[in-house]
Each structure stands twice: as structure tokens, then as C-alpha cells.
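As annotated by TrEMBL, domain 'PTS EIIC type-3' applies to 8-422. The transmembrane segment feature in TrEMBL is assigned to 32-53, 78-96, 108-128, 148-167, 187-207, 227-250, 257-277, 297-318, 353-373, 393-420.
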Amino acid sequence: MSKPMDLLESKLMPVAAKISANRYLLAIRDGFMLAMPLLIIGAMSLLVANFPIQGFLDFMASVFGKNWTVFFSRPNDITMSIMTIFVVYGISNSLALHYELEGISTGAISLVAFFMLTPFATTFTPANSKTVYDITNVIPMDWLGSKGLFVGMLTAILTTEIIRMVVKRGWVIKMPEGVPPTVSKAFSALIPAALVILSFDVIRLLFTWTSYGTVHGFIYKVLQAPLTHLGDSLGATVIANLFIGLFWVFGIHGANIVGSVMSPIWLSLSAENLAAFKTGVTGSALPHVITQQFQEIFLQLGGSGCTLALCITMMFLCRSQICKKLGRLAFLPGLFNINEPITFGLPIVLNPIMMIPFIITPIALAVVCYFAVSTGLVPRPSGVLIPWTTPAIFGGFLVSGVKGALLQVVEIAVSFIIYFPFIRMVDKQYLAEEKAYESADANLTV
């Protein structure tokens, strides 16, 4: 097994190093992390308003009135509708700090650049009417939400690079010593801001001469829509989880590496499901099977590698003290989808036996879950963002109701079937070592 593992290591390590050190992917990750707390708060408020237990909804209506859901829906309406604004600022600020630039002003300039590309007009058709009205001096909320994500990411990166180029060449206004720092920073941002605004106004103008009309229309149709369609496929999900497992086998945080590439796509799919869910669409009528929740709740059951069943197996079916005690130690963190104790303690990292089920299990569960959700046996994820640390069974319930919880039970059973023969081999090795140690200790005592 050493030669195949050496070959994998020689191929994967350089790739992982490049991805983990890529300044743009790191900035995108940080940008989404800035938005994530607000999105989760908004999503949890919507979850309360649409809790999948009718008795709870009836109780809330009896106490607070029939319109009680409006109060809890409002935070979600705001946070999800302007998520791109958070992301633009977060990406630009992070990338600016990487370049040792002023993060706050760079983020602010990026927001201005983003709004330069965003149309200040929309159309409106009244109910029961065929007349279409053009409305000006308004910002369509679609482009501030999930549909504008890719334009926002590209804008943040391009703006920061322009500012970096200007500052590097010294094209900034330098104030004399003694001028307050806030005043000096304001003047130093004038030329970079002017060049950014002028550049993006030219870009906006050029796209008005195309059939797309705006940058948003072009990016969404040519880039974002095809990528989200690809991200919603079983094949892409299998490949993503394959690489997560392969990276982890060599001690690299695979979820972070792959997530830096896939999370923007999965979050966009989640946002589209959530937008449909808010209009009353549920179950199989929701547009997407694969979302951020599908990945985090169904395909990381117990953490990367879906190791919750492995912890349970070690606790109750293993005979060696090492496996039994490690299983007990790792079970509680595993219940909250944290599995570093078992990944490095068993270990799974650089273990030619345990790497096989660790890689295979998420892929098998991806097929099982995709089949269950795509065929309508289990409702599609509503798009409500819940923390990835939500405990097993409860997480499935929040994402897809009772059937989602039952699906996680099935996943645990499938994971057990895959992991059991491999952990049994490891358990026998540890048991033999323990017996040999006890025998040697007894001989020394005699």
C-alpha cells in the first residue's frame, strides 16, 4: 500500500498546497465567513416561522395572532436579500489585508464598484394585468442576493487588484506629516477610488451595447447558471467528496480545501431553494437537490468521512481498549460533526486500511441520499441554513422534516456496513498488541 499512497501524496500535496495558499480562494472563503453568521440568524428565524410541526405553528398563532410569522420572516428577508453586499465587502477587505492595503476603504470602494454594475431599474407587472411597467431609480433585490454572487466576487477581486496596482506605482496623494491619519487615508484613497469607479463605469457602458444589457445578466447566464447546474449534479458531488476524503487521508482539511471552491456554488443553490420555499414551494417542487445543507447535514454525518457510525461501532463492537475508549471519547464531538479525535486518534490519516471506508462512505451516501431526495422519498432541502454542527437526526429533521431524520438513520446503517469490516481488522491489530504488551508486562513482573 505504500507505493499507491506515496503516489497519491506526491500528486495531491502540491494541489492542496496551491489551493490552500491561493489568495483569491482564501479571500472568497473569508468573505463568505463574514456573511455566514448573519445568514444563519436569518435562516433560523425563517425556520421558526416555518417549523415542520403543525402543533407549534398553531400554538404560536394562538398566542401572537395569525400574522406572527411576519415578525420572524423579516430577518431572513433582509439578510438573504442583500447577502452579496456582505460577500463583496468581506472578500475585498480580506484580499486587501493580504496585500497590506487599507481593508475598510478597499471594501467600501468595492461596494461602489458593485453598484456601478448593478442596474437601477426593473420591470413590474401588476396582478391580473399584462401591462409591463418600467421602474427607474430602484435597485432590483435579485442582484443583491444569490443571483449577484458571482458578479460580487469578481468585482471585489478586480477592484482590489486595481487598487493594489495604483498603490504599488505610488499613484496616491500623500499628505505631509502631522496630518491626522484619518484625513491622510481619505486623501490616499481618492485616486484609486476614481480609477475604480471610472473603470467600472466603462465596463457598465460596454455591456449596455450587448444583448445581455448588464454585467449581471451576462455573468448569470454564461457563468453562474451553468456552474450551479453542474454543482447540483450527483457527479460533481461525488467528485467533491472524493477529494475531501483524499485530502484528509494526508492530514489536510479536505472540507476547507474543497469548500473554498464549491461553497459559493452550494450556497447559491441553497439561496435559490430558500427563495422558492418562502413563496410556499416545498418538497420535490423545490428547484435543487444538492445544496449547502445537503452536503453538510447528509454527507458529513459525524464529520468528513461520515464517521458517526464508526464511533458507535468502536464503542459497542470493538474488543480492544484503544478502540473502545477512543470510540467513547470521539462519540460526543462526532454527534456534532467534529471528528478530529478519531481522524488523528485511530488514526485514519495515513492509515492504508481505514482510508478505504473513509473515502468510500461519503460517496456511497451521496448516491443513497441523492436517490432518496431526487425521487421524492425525502423532501428537498428548504435552503434554510443551519449550523454544520447541528447534531445528527435533529439536523436531518430541520433540513427535510421527519423523512430527513429517517434518512440520517439509514445513513448510519449504511456507514456501519461499510466501516465494520475495516475497523474489525484494526481492532484485531490493537487487541493483539494489547495482549502482547500484557504478556510482556507479566513476564517482567515475574
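Note: Cβ is positioned from N, Cα and C throughout, glycine not excepted.
Tertiary neighbourhood of the transmembrane segment (32-53): same-chain residues 68-69, 72-80, 83, 86-87, 89-90, 93, 263-264, 267, 274, 277-278, 382-387, 397-398, 401-402, selected by CB-CB distance under 8 Å and a gap of 6+ residues from either end. Ranking 78-96, 297-318, 353-373, 393-420 by CB pairs under 8 A with the transmembrane segment (148-167) puts 78-96 at the top. Residues 5, 8-9, 12-13, 16, 150, 257-258, 262, 265-266, 268-269, 272, 288-290, 294-295, 299, 304-305, 343, 348-351, 355, 358-359, 362-363, 366-367, 370 of the same chain lie 6 or more positions beyond the ends of the transmembrane segment (227-250) yet place their CB under 8 Å from a CB of it. In summary, the transmembrane segment (297-318) lies against the transmembrane segment (393-420): three or more C-beta pairs, each 6 or more positions apart in sequence, are under 8 Å. Long-range neighbours of the transmembrane segment (353-373) within the same chain, counting only residues 6 or more positions beyond its ends whose Cβ lies under 8 Å from a Cβ of the stretch, are 5, 234, 237-238, 241-242, 244-246, 248-249, 289-290, 294, 298-301, 304-307, 310, 346-347, 379-381, 400, 407, 410-411, 414-415, 418-419, 422-423, 425-426. The list of residues near the transmembrane segment (78-96) in space but at least 6 beyond its ends in sequence, with Cβ under 8 angstroms from a Cβ of it, reads 23-24, 26-28, 30-35, 38-39, 41-43, 102-104, 106-111, 114, 141, 143-146, 148-149, 151-153, 155-157, 159-160, 163-164, 271, 274-275.
The average per-residue pLDDT of the prediction over the domain 'PTS EIIC type-3' (8-422) is 87, rounded to a whole number.
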